[in-house]
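S.K.: So that we are looking at the same thing, I have put the structure below in structure tokens.
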Amino acid sequence: MLNQRKSVEQLNEAEAAEELAFLAAELARHDMLYHGKDAPEISDADYDALKRRNDLIEERFPVLVREDSPSRKVGAAPSLTFAPVVHARPMLSLDNTFSDEDARAFVAGVYRFLGKLPDGSIAFTAEPKIDGLSMSLRYENRRLVTAATRGDGTTGENVTANVRTIGMIPQTLPADAPDVVEIRGEIYMAKSDFAALNAEMAAQGRPLYVNPRNTASGSLRQLDAKVTANRKLRFFAYAWGEMSAMPADTQLGMVETFKAWGFPVNPLMQRFFSADELLEHYHHIERERPDLDYDIDGVVYKVDRLDLQARLGFRSRSPRWATAHKFPAEQAFTRLKGIDIQVGRTGALTPVARLEPITVGGVVVTNATLHNEDYIRGVGNTGEPIRDGRDVRIGDMVIVQRAGDVIPQIVDVVMDERPEGAEPYRFPTTCPICGSHAVRDINEKTGKVDAVRRCTGGFVCRAQAVEHLKHFVSRNAFDIEGLGSKQIEFFFESEDENLRIRTAPEIFTLERRQEASLNKLENTDGFGKVSVRKLYEAINARRSIALHRLIYALGIRHVGETTAKLLARSYGSYEHFGAAMTEAAGFSGDAWNELNSIDGIGEVVARAIVEFYKEPRNLKVVSELLQEVTPESAELPVATDSPVAGKTVVFTGSLEKMTREEAKAKAESLGAKVAGSVSKKTDIVVAGPGAGSKLDKARELGVQTMDEDEWLALIGG
């Protein structure tokens, strides 16, 4: 999707809101797939690009930052297979850096935040970033009592029984260890053990595992601990959670203590005093990477002194005192055998490359993303040439890049290897599923042609209808257990009118239709009395549904989970929401203005919602659905006692009692949004000595202004 979008600098506020809504939904979905299901659909590099774009947009438009922003979340909610464990201290993720310049900026940022400290006075540790499964091990009175996965950072899964089978994890600690100790680290599978496991699977004629990380994660989540014991999982310790006493005052000292207690620690961890030294070690580890017996995807830098870590503190989802410097993507050469066109829920035609199998970074790759029609032609998202304008043709020798677990991308073509007679690829102008016209819309505001070609068939198109149903029952929508992709496809394809499900309301009429049918579902292959009863129970359990889940489940373009929650909070009930959307059909009037005034809903998103409600077929489906389900009223946001909660604050001029970064962090911790510029949406401007144009603009707009002492008095110091 990123290739289809403007640069951040080109976005206006409405477009930025639309982008943030899309990114919030995408990142939440990929977090669940990666952390909750161990079934990622995109590479780490693509995920990082989505995350980075979200952060850049929020940085440019701070007034659009919401409480449920992806920049304030970690991971995904734990599954229901294992008992939940609430972490005593959250397991936060790390910010990423992608270049030497970014790494230098991280070091400079630490010095800037901490104030006047001489260069070379702050020590940093550097260690490999293990590509495994994050784990928290809790010891009470020196005995292992709980092992929990990261989960969503706040709540993980209890996998204690399985972790006890990992021989290198101590069951008890020495007598000098504190009463309460939480050791955090990474569980992984060695490359050699992974290769041996796959050799065993091949000898038995069974499907091979994809990569060590997913295999390690799946092995740890076995219901039978004996299976975990046979998988030869390993562990590196590198951090901690709750500690009743601190055995050291530096990062390196803590890790050395872990080693003394019997935990494996990474031998490549070292301490340095400059960005140059950190980068030298980074490139050394990068060169050693192919020879290591474990997968790594970067190097983690941390401020060594724990008192400085405490001063630097945390952002909403990551510490300021650490960053992960990611490695560049891995590449390989292979032949392009063909191009398949997939049709998604919104009708988007997405090209996927079929490749001669090739191993990239230890994983066999057979498919790669080609993004869109223009990407195949060698044209970028703003019309600029990519790959020096070289197009991609079937039969080409291509360079495939992989930086994560699943679909890689084609980044270039080897022109000297192009077969004689290879023809330019002709992107289809009709849907390969239903035969309807496939068109590229023109953006009414910019006049530019959309990069995505879409099927115009709507619900007539089987692919769109099936994907709509899959979306409707997905985890963040109605979350109906027992209705997965295969079951949806089965019901959709059925020719029996008492079994067939073609629209969402038919899910809720299935049981009634079955009562009148001689062809019982329980007699169908893959079903039985128990499974059918559980399916009906799961369906009936969703007859009462949270308003935001209902709105999200409708599959309105540009309306992700975050936007659905915004709408639910703003309108409170479906009656109010539905009536307002119908009233806004003319794209004018009070209802239209009210929709556009919601913080986080821009005109593009608003127009998509209203267009959905103008379509008679959609209204018919929604009406039938509301005869079967009852939307719950939305909960109001929890109030806070902070006098600046929800307000937009701008700091300008010099601050004398704290650094600018510390002031920003304090304001955000109290629920305020900190902006870099003054606008009519600004609530408070805190002006220090040397304040200039921002203070003038605040006075011009009538924005409340105060000095640093008044600000500190307002927030209570």
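Glycine residues also receive a Cβ, built from the backbone N, Cα and C atoms like all the rest.
Sequence annotations record features per position, and here Swiss-Prot assigns NAD(+) binding site to D44, A45, D46, Y47, D48, S93, L94, E127, R150, E186, K302, K326 based on sequence analysis. Among the features that Swiss-Prot reports, active site, N6-AMP-lysine intermediate is placed at K129. Residues or ranges marked as Zn(2+) binding site in Swiss-Prot (evidence: sequence analysis): C431, C434, C455, C461. What Swiss-Prot lists as domain 'BRCT' is 639-717.
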S.K.: Within the domain 'BRCT' (639-717), what mean pLDDT does the predicted structure show?
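M.R.: 83, rounded to a whole number.
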S.K.: Identify which of the binding-site residues C434, C455 has its Cβ surrounded by the largest number of other Cβ atoms within 10 Å, counting every protein chain shown.
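M.R.: Comparing the binding-site residues C434, C455, the most crowded Cβ belongs to C455.
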S.K.: What three-state secondary structure does DSSP assign to C431 (Zn(2+) binding site)?
M.R.: coil
S.K.: In which DSSP state, out of helix, strand and coil, do we find C461 (Zn(2+) binding site)?
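M.R.: It is coil.
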S.K.: Would you mind checking how many other C-beta atoms are within 10 angstroms of the C-beta on L94 (NAD(+) binding site)?
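M.R.: L94 (NAD(+) binding site): 18 neighbouring Cβ atoms within 10 Å.
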S.K.: Quick one: DSSP breakdown of the domain 'BRCT' (639-717) into helix, strand and coil?
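M.R.: Going by DSSP assignments, the domain 'BRCT' (639-717) contains 27 helix, 15 strand, 37 coil.
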S.K.: If you measure from the Cα of C434 (Zn(2+) binding site), which of the recorded positions K129, R150, K302 is the nearest?
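M.R.: Closest recorded candidate to C434 (Zn(2+) binding site) by Cα: R150.
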S.K.: Work out how many Å separate R150 (NAD(+) binding site) and C461 (Zn(2+) binding site) at their Cα atoms, rounded off.
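M.R.: The separation of the Cα atoms works out to 40 Å.
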S.K.: Cα distance, L94 (NAD(+) binding site) to K129 (active site, N6-AMP-lysine intermediate), nearest Å?
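M.R.: Distance between the two Cα atoms comes out at 11 Å.
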S.K.: Count the Cβ atoms, other than its own, that fall within 10 Å of the Cβ of C431 (Zn(2+) binding site), considering every protein chain shown.
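M.R.: That number is 24.
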S.K.: What is the separation, in Å, between the Cα atoms of K302 (NAD(+) binding site) and C455 (Zn(2+) binding site)?
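M.R.: That comes out at 49 Å between the alpha carbons.
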S.K.: Three states by DSSP: which one describes L94 (NAD(+) binding site)?
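M.R.: The residue in question, L94 (NAD(+) binding site), is coil (DSSP, three-state).
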S.K.: Let me know the DSSP-derived helix, strand or coil state of D48 (NAD(+) binding site), please.
M.R.: helix
